[in-house]
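Student: I'd like to ask some things about the structure below.
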């Protein structure tokens, strides 16, 4: 089964004799058996005909809509309606100690994965030792905290320490810390695009697990903000997106002048850049993840598993166990 990414601007994908045929200005770009597609992602100005969309939704194949600037516009999916009892449990947890306890686990998981990345970089960058020590100390504070607002503050501090420490290893690519809307350097442009694709995967898993994507535990609710999906996504930002993006730059697969464009004061992936980054992210999603409790599986599968575990924890059926990277990320 394949994930079909439509990246060529102006292209149209049609259903024809059981195959998805992609065309641009009347010329065929390629085709694939429709029943071998497990997911479709439309990037920017590309089109899926109504018969093709109906085929995918009728066969449980989700369709993602992603902007060229790295925003998830939405997901078209035929997921079943969530069980009412599960939704009631989720809504109750959002304002209870149960929810705060799970929010704490999300923050700890992100912190441990961030620390693992800094530890890996530290082998050739000993100056990162101080930042790693700060993150380690912060972990103790998070582990002792169950107050939601303080947990949110600790999560923000973790991100600032992590990105500040990575400025030096990534300085050659213009990275001076995390920024967005608009991203102001190639690294942030790639991170934002990767996070949009990751959010789509997490949102699909959240819906499939019967959870409401907009009622979160760690992230605050706001209009059109998928707070629950963003909560679960914290476990996977560093392992899936950050490592993929950092390795792409350090290996030379992504180049600041060859794969990015400057538009209205922001830096964004070019068509060539998307054609490099998207396959790398897909490969990472299909790579083996090794949860602390065992049971290795692809990251794509693990995201779905964690969403189901989260639903079980919210219903009180089992404790929640978050995913995080080991001290030697792979």
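Every residue gets a Cβ built from N, Cα and C, even glycine.
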Student: Need a hand: TrEMBL gives 219, 234 for Mn(2+), which of 149, 155, 293, 304 is also on that list?
Tutor: 155
Student: Look at the binding-site residues 155, 234 and tell me which residue has the greatest number of other C-beta atoms within 10 angstroms of its C-beta.
Tutor: 234
Student: What other residues of the same chain, not counting 155, 219, 234, have a CB atom within 8 A of the CB centroid of the Mn(2+) site?
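Tutor: Apart from 155, 219, 234, the close residues are 103, 106, 107, 110, 152, 218, 230, 231.
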Student: What three-state secondary structure does DSSP assign to residue 155 (Mn(2+) binding site)?
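Tutor: Note: residue 155 (Mn(2+) binding site) is helical by DSSP.
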Student: What is the number of other Cβ atoms found within 10 Å of the Cβ of residue 219 (Mn(2+) binding site)?
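Tutor: Other Cβ atoms within 10 Å of residue 219 (Mn(2+) binding site): 21.
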